[in-house]
């Protein structure tokens, strides 16, 4: 049977009972029995009910102190400087200002106009860059001294600090190579990573990046599925169209031209190899053939002469200015065979699985996929459009949206987990502050004192609260 604890409930005089009072009650302090569920064998100082019990490894967390925004760092240094004091609170702001200054200076460089850095503009920017590097190096050293170097909670134990360390080390390598007159432009590209230092200083950006990193495990399964899609469509493309995008219309092998005329080896529309004329071999059913080549145009008019009329045309050329009096050399490009060049400087082809993956990726991005489809249809078959439609449906409409769904789901789960963690910490703090309410009080006067001191805490200044606590302790001991 649970033990009864009397809880003070103030009542107006009209409700006081008439007649003689019981021995342990008073008109001033009417009491009401409250069952707290504490067993007879349990002492008043034992643990509260299970709803308020804390685990062995759990610690009671207190609400964040506004004067200590960074709990991992020392709250007070030099006996007077708190974390919110101006010299310390301005450190993060100063770092952000230096990072923004670095972004501005990096954007003002003009390496193409002044490669040797001889202008005053470049020299001033170089001075700013030296100052920024020294500032970041001093920041790294101070953090190492304050936090330590190796360890879970030390400087190199944090991912963002490791990024800062890499940036500073790359800058040291750059300056050492400059002293030895060694030019490594690749090392200087590490400067573009300096603005990333701002992510760790802005809490919202840091949380966003952490959420993106949390999505990587789930995106791994999606990327694995993308790999299988790329692999299957790539194998199909290689088996069907390997080498077909090299097809060009050539002249016959025994074709000769007299005189000083130089003709290209195969037909090129308007001397532009970026948009080649791809023909279909005799064994394929492509759309385009060499007979589809348009006539040659000269000064806006189509040429209509044959090569046999060339000498005659050349003799009367100076005397007659008649439209069409030129040789249509395009009519002799009538042999379709495989050449050596692929479209777009050799980047678009299905000759191997690597190039096929590049083409598939470009098709999925919906950038220039129609042109690639026309190339394949011209060289192989009209029905090849089915391949590209399926690839766009699976790749663009399904795979990309699947990645977005995974990211959105992980964002929601991460935010819900952080919200639940905050609620648990808040409940843990509230439970620690209410444990004393489940302990048996000493007498009625202690209940009166606690009842009165509660509202007074919000009214009295903070200097009087320690005196009230000492008085409550004295009453409890009595």
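Yeah, the Cβs are placed from backbone N, Cα and C, and that goes for glycine too.
Record note: among 41-66, 67-92, 41-66 is the stretch given as region 'Disordered' by TrEMBL. Per TrEMBL, the stretch carrying the note transmembrane segment among 110-130, 131-151, 152-172 is 131-151. Among the ranges 193-217, 218-242, the one that TrEMBL lists as transmembrane segment is 218-242.
From the options 382-407, 408-433, 434-459, the stretch TrEMBL describes as transmembrane segment is 382-407. Listed ranges 333-354, 355-376; the one TrEMBL annotates as transmembrane segment is 355-376.
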